[in-house]
Amino acid sequence: MTRLMCLLMSLSIFVRGFDSQFVDMSPASNASECLESQVDAAAFSKLVWPYPIDPAKVDGIIYPLGRTYSNITLEYTGLFPLQGDLGMQYLYSVSHAVGNDGDPTKAYISNYSLLVNDFDNGFVVRIGAAANSTGTIVISPSVNTKIKKAYPAFILGSSLTNTSAGKPLYANYSLTIIPDGCGTVLHAFYCILKPRTGNRCPSGSDYNAYFIYETIHSDCQSTINRNASLNSFKSFFDLVNCTFFNSWDITADETKEWFGITQDTQGVHLHSSRKGDLYGGNMFRFATLPVYEGIKYYTVIPRSFRSKANKREAWAAFYVYKLHQLTYLLDFSVDGYIRRAIDCGHDDLSQLHCSYTSFEVDTGVYSVSSYEASATGTFIEQPNVTECDFSPMLTGVAPQVYNFKRLVFSNCNYNLTKLLSLFAVDEFSCNGISPDAIARGCYSTLTVDYFAYPLSMKSYIRPGSAGNIPLYNYKQSFANPTCRVMASVPDNVTITKPGAYGYISKCSRLTGVNQDIETPLYINPGEYSICRDFAPLGFSEDGQVFKRTLTQFEGGGLLIGVGTRVPMTANLEMGFVISVQYGTGTDSVCPMLDLGDSLTITNRLGKCVDYSLYGVTGRGVFQNCTAVGVKQQRFVYDSFDNLVGYYSDDGNYYCVRPCVSVPVSVIYDKSTNLHATLFGSVACEHVTTMMSQFSRLTQSNLRRRDSNTPLQTAVGCVIGLSNNSLVVSDCKLPLGQSLCAVPPVSMFRSYSASQFQLAVLNYTSPIVVTPINSSGFTAAIPTNFSFSLTQEYIETSIQKVTVDCKQYVCNGFTRCEKLLVEYGQFCSKINQALHGANLRQDESVYSLYSNIKTTSTQTLEYGLNGDFNLTLLQVPQIGGSSYRSAIEDLLFDKVTIADPGYMQGYDDCMKQGPQSARDLICAQYVSGYKVLPPLYDPNMEAAYTSSLLGSIAGAGWTAGLSSFAAIPFAQSMFYRLNGVGITQQVLSENQKLIANKFNQALGAMQTGFTTSNLAFSKVQDAVNANAQALSKLASELSNTFGAISSSISDILARLDTVEQDAQIDRLINGRLTSLNAFVSQQLVRSETAARSAQLASDKVNECVKSQSKRNGFCGSGTHIVSFVVNAPNGFYFFHVGYVPTNYTNVTAAYGLCNHNNPPLCIAPIDGYFITNQTTTYSVDTEWYYTGSSFFKPEPITQANSRYVSSDVKFEKLENNLPPPLLENSTDVDFKDELEEFFKNVTSHGPNFAEISKINTTLLDLSDEMAILQEVVKQLNDSYIDLKELGNYTYYNKWPWYIWLGFIAGLVALLLCVFFLLCCTGCGTSCLGKMKCKNCCDSYEEYDVEKIHVH
């Protein structure tokens, strides 16, 4: 059990010598020379066994001092090694041995004593990592043996010197830590190491290296030599003036352990894992050494084990890891020990765990920090003018304090350091600025007040003093940053000192008849006393009085002053008050600097640089731009007081943009433990230093990334992601813009990879399914409807916002971030709250899409199942019997007239016989009147004309009896006039329909435009809400919250450390309050959007995919169909329905019961029972059923009622219940309205692309909504709609002579064609009976004269 316990006990040994201040380190070594050594660094360095720091195994972690934790995970900032650090490997070896007897005469070591390392924050040591295993002996690489643990030895100091050969040695006091007693003792002493002069010693000849050694066979046997290594060290150095010597016992074992050394103002601290957690790795402080001088360097002392040749052993390497100020995530077990840890600055995955203070992170996309480009240079522009002339301060007689002199400088360069170096400064105090900042800033003016003043009275001039100096002589103004310098003037400065110091001790005005009323006249800050105008330049005696009588114009009275004289000192003593005023312009006062090439901006365009422009400092990117603003004003600012443009001295206008700073997200898959990094909304070409990204969380650069091949996507630059053109329908890692990260273990079995793959989300359109009846209940039942279209916008998500808390509050300034630590886990809670809101968004959107997504789509006619007649929606089929052919239209005259409704019957009757004889027989009846069409064809004209003429001609021959032949003509005229009258009546009725129907249409249009206005207004509010919130948050950055400036850079540049903390703390408080309000608003909006997303899902499923029975849920009135399209941050619905326009009031009951015992009751289904509209109740009252959405009484049947239990609200009936009849259909046919609506409607599903990029541009739909409002106004002034009369087309057949002429013409045409084709041409015979003889004449022959060619 002893080996399992912490046995490192404090056995501090203090040995006092002759001097009480020092301890006695005797005996000194009596060796005349130092042991010989062979330094073979190559042999030690070629053996490499890497042991990187693994925080998961608690490597190198020093337990927090003075506190403990149990069963908790937290972030802790302190001194830790870097995760993955390989450290420096050191190895000890055995010595040379001649034989098996005697001591080896030569040590075999590496060159460790020649290497000096920076101590910085300290280091930790891994000891015995390979103990108990088999390894190589360095001196004999071919021999393997069991490895033993070896403790390291160190020298630590603050100053160095060299030997004559140029080898480093420690000077002055040094802390030496030496293991001894064969691993059972640890010595620590603080002495001056004086090199010994013997042979092979540091100050002697043939010096090679110093080291320590033990002789195994003699020092490590039954009696352990506790000082063997110490004595060997004394052979190289004499230990002089040692202030302490401590020793600690160690249990000898081969257990691996950790050892650490740190330093602070309390001294040097030693830490060990043996004290409290021997096998766990937690290091606890076990000693604090009184070493207060800052340690700068350390050296590993070589160590050699002298052994016999046949008993050599291998010694485990130890590893030294530097400590850094880091943030670690620590996991404390129930017993209080650290069992897991993560270096928050190691990589993006580590940062993810630390951002959410958890070792277990679920699969998702997380916002963790921000990437900010580092400055690559400096650009300075300031007046290139002469040096400010301070010579008046250095010549002449120094003025008295009441007659101080003032110098105001502008348009010059000052050297305040050079000025103050001329004086012996006794006090330098500032207000609103630091002494260092006032000497290196640019100002619009610099003012210096100077005067002779004894340093013995400097307390009277300090702020808050109420003595005579601030009352009557000089009062420092604090309106602007100011510094006060009290100094004495050396003899080599030419300024002349006055005979004595003097000041005004009294300045009053005497008034009254006897001048007995005295009024003190005090001065204002920075102003002269009124008594100064008539006071002497110096007072000849102490208490000297001086007066001046005021004129009547000045108000009368007497001014009286008293002067006090102070003896002059040996050297003139003076006071200087320096005040500066901030501003910008070409006449600024700037320090004299060696600018080098910082004046050139041309080679820095497009790069992130630190700039100082006439006193305006910052960091940004300069680009050539089109000039804006007033050139004389030089600087162009935005509404948040940020510099956006600058007119340079080279004549160009440069835009100033912030350096790249973008949010960084980590894509993490828990099942594979893989991650990728997303730089939001930035091109990869702008992220030039991504491999050394600065982490606001850890205040350091992230040191590792697994991939250096970034992939450009629509959402930003991603590393750790490859693009294989995948398409998925389900995504657990949405990136936005319809992009998804797919882990290596994907849904595709044939696919595997070692990193994430980029995929595109593919959503299908929702389908239209069978509609169901609408439902509702109202006392007034609709009897007529109008067609309405309602538009509705539902916000389903808000833009994801991630605010880097530290970046927002501190803008990257380390001083601010250190103060922010005092606010605890506030920033972590902010990040967690925003991430929670973003996860809530992802969950609600994913749930929404999952609920509304369908796997297939159908056309309209297949999607609308049931008793729907969709023939009206189809293209009419040409060729039916109801259509005339094209030949008939060509051969007959066609006349189309208005048809009041009887033309078709008349036409069918006329086809049954001769039309001229059946005209009167085919007369039609309309409302009791016989009617005929108002048209005659030629046959009927001939018949009626012949009848009329015959009756007239024969009237004289037949004594009027032939007049009866005119009766058919008269009847024909009467019936046709009746037809004209009936047509006029129908036209009159249609005029009424025109007014009524179009008025209804206009009402629906007005309602539609009104809902469009409301919907657009909601879209505008939803889109602008995020931009307005971000603008408000950004505007708070310009709020000073009571500090001297809203810029931390200005505060750091102007104030000292104490004042910086107070001013920055005000900004932190204010900005955290603003950020907290913003986060609270985001959480509320996120929850509201999530609830709205559920509502949108319900509406898609109930309104778009089916017909809703809820009145008013899917638009106004009775729902018919709805459509949805994508809109910013939500869905835009178009609901189509019927809105009642007329109602009838009926007497209704909730149910009906008889008087049986128990009573038998029935209740209506989707309607209610109504009476027969009688005015009184009686036994014979008849009850009917009507639907609640349309008034149409019908008998009570099994289809419209059901049996229920009795209820007091049901109507009691005296008679028996009517027996239910068979089902009676009461469907209402809306095919006309459906035809008009579906005629030009195209429905498709929305593109469910996630909107991830924050848009701070405000959406303004006011103009569009104003236009819609004007349309509504104009619709109120115009009404028209037409109901078209039925058309009748009449074909009039041609008479016989027209047909005869038509046939003759055709015969003539055919003969002409025949003779042209068959009876023309030479030798042609027509039908073999005609022959052409001389129809082809031959041509005459001519003699042709021959032509001879010579």
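Backbone N, Cα and C atoms are what each Cβ position is placed from, and that goes for glycine too.
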Disulphide pairing with C412 per Swiss-Prot - partner from C388, C430: C388
Given ranges 766-788, 904-926, 1318-1340, the stretch to which Swiss-Prot attaches the annotation region 'Fusion peptide 2': 904-926
Where Swiss-Prot places region 'Heptad repeat 2' among the ranges 125-164, 565-604, 1245-1284: 1245-1284
Where Swiss-Prot places region 'Fusion peptide 1' among the ranges 71-92, 731-752, 885-906: 885-906
Where Swiss-Prot places coiled coil among the ranges 165-209, 660-704, 975-1019, 1020-1064: 1020-1064
Nearest recorded site to N784 (N-linked glycosylation site) by CA-CA distance, among glycosylation sites N71, N241, N723, N1145: N1145
Set of same-chain residues at least 6 away whose C-beta sits under 8 angstroms from N71 (N-linked glycosylation site): F332, S333, V334
Fewest other Cβ within 10 angstroms of its own Cβ, chosen from the glycosylation sites N162, N227, N241, N784: N162
Cα-nearest neighbour of N111 (N-linked glycosylation site) within the listed glycosylation sites, N132, N172, N241, N723: N172
C-beta crowding around N111 (N-linked glycosylation site), within 10 angstroms: 16
Alpha-carbon distance [N227 (N-linked glycosylation site); N132 (N-linked glycosylation site)] in Å: 26
Where N172 (N-linked glycosylation site) sits in the secondary structure, as DSSP reduces it to three classes: coil
Nonlocal residues around N723 (N-linked glycosylation site), in sequence order (Cβ under 8 Å, 6 or more apart): L711, Q757, L758
Fewest other Cβ within 10 angstroms of its own Cβ, chosen from the glycosylation sites N132, N172, N1145: N1145
Conformational class of N241 (N-linked glycosylation site) under the three-state DSSP mapping: strand
Nearest of the glycosylation sites (N162, N172, N227, N241) to N1145 (N-linked glycosylation site), judged by Cα-Cα distance: N172
Nearest recorded site to N241 (N-linked glycosylation site) by CA-CA distance, among glycosylation sites N162, N172, N227: N172
